[in-house]
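Colleague: Just passing along the structure, written as C-alpha cells.
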C-alpha cells in the first residue's frame, strides 16, 4: 500500500495537508493534477511542465488505449518516458469517456464494449483489464473501472449502478494484487471510486463497501455532470467525510478554483480538471483578482501583466496587450503562454492552501481568495473528449 501521512490540519475546518509516497516521488497535498489526456498536458512541453512542478499529472487510459496504444507505449519505455515526465502519474480508467459514448457502447455485468470515436474499432473494458492496462503503462496510481451516471437519474438506476461500481472496484483490486505478486514489476497504487449520484445513503453504502478493502486511496466520482453548483457543494460536503480519513481523497473532474477551495475545506486532497488548459485555448484567464477574457478590446492597450500578483514566466515578460494581440492573431505562442499562466495560478493556489493549512489559517485564506476574486465562479463542464 502506498504510504500516506497527514502532516497538518486546519483547526477551523476539515482541511488537511498530507504526503502520498509513490514510486516516482512524494505528492504533497492539497494538489491539483494538470490533465495530460493523450500523453501530454496540452500546450506544455516537458521542460515547461518541469518548470511548473506539479505534484502529479493525470493521464487518460481511454485515449492512450486508442492512440498510440498500450503496446506502442510499452515499446517506447512506458508512459513516463512517452511524456518526458519523471514525476508521479495517475490515470483514470477510461470509464467516464466510455459511458459518455451514447450509442457507441453496451454495458453488461462484466464490463463495457464500445466503438472507438477515432476509427470505429470495437474495444472491451473490464474491471480487470483496465488495471492491467494501467499497470502496463507504468503509472503510479491506477483508477478502477466505474459507471459515471448522468444528472439527473432515478433512485433505482442509481442504486443498481452504485452496486455495480463497487463490484467492479473490488474485482479490479483483486487483479492488481495478482499483478503485484507476479513478476511484472508494477508497484503502483489503486484508488477506488465512491459513487451514488446525489443520494447520501448510496454514497454511504458505496463508501462502507469500498473502505472494507485495502485500496490505496478513494475518489469521489459522479459529480460535475450537470448538477447545480449548490448541489455540487452539498454533495462534496456530504461525500468527503464518508471516505476513510487515513487514506487520500480525490475529487474527480471538479476544477473551478472556488470549487477546489470548498472541497479542501471538506477534507479532500487531490483534484484534476481540464479547465485551466482548455480555458487558456479560449482566452479565459484565471487571476487572483478574478477572471479575464483576453480577447476583449479593453486589453488592447493594457500594459499590465495578466496578474500583478503572479510570478509565472508569462506575467514576467508579457503584457495583457501583447497577449491579446497574439491571441487575436491566432498565434500558437499565445496558447502556450496563457496555458502556462493558468496552470501556474492553479498550482500556486494549491501551494498557498497547503501553507495556510500548515499554519492554521486556511479558513481565512479561503475567504481572502474568494473575496479578491470577486466570486467569479461559473459552471463549466469538461467536454467528453477531454475529461
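For all residues, glycine too, the Cβ spot is worked out from N, Cα and C.
In TrEMBL, annotation is done automatically, which means it is predicted and not curated.
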Colleague: In TrEMBL, the Zn(2+) site includes 310, 312, 315. Which of 262, 341 does it also list there?
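Modeller: The record-listed residue among the candidates is 341.
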Colleague: According to TrEMBL, which listed range is region 'RNA binding': 232-238, 239-245, 246-252, 253-259?
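Modeller: It is 253-259 that TrEMBL describes as region 'RNA binding'.
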Colleague: The substrate site in TrEMBL includes 92, 93, 94, 95, 96, 195, 222. Which of 146, 269, 272 is also listed there?
Modeller: 146
Colleague: According to DSSP, does residue 310 (Zn(2+) binding site) fall in a helix, a strand, or coil?
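Modeller: In the DSSP reduction, residue 310 (Zn(2+) binding site) maps to coil.
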Colleague: Would you pick out, from the binding-site residues 94, 95, 222, the residue whose Cβ has the largest number of other Cβ atoms within 10 Å?
Modeller: 222
Colleague: Quick one, of the binding-site residues 93, 195, which Cβ has the fewest other Cβ within 10 Å?
Modeller: 93
Colleague: According to DSSP, which of helix, strand or coil covers residue 272 (active site, nucleophile)?
Modeller: strand
Colleague: Counting other Cβ atoms within 10 Å, pick out the least crowded of the binding-site residues 310, 312, 315.
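Modeller: Result for the binding-site residues 310, 312, 315: minimum number of other Cβ atoms within 10 Å at 310.
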Colleague: Given the recorded positions 92, 315, 341, state which is nearest to residue 222 (substrate binding site) when distance is taken between Cα atoms.
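Modeller: Nearest candidate: 92.
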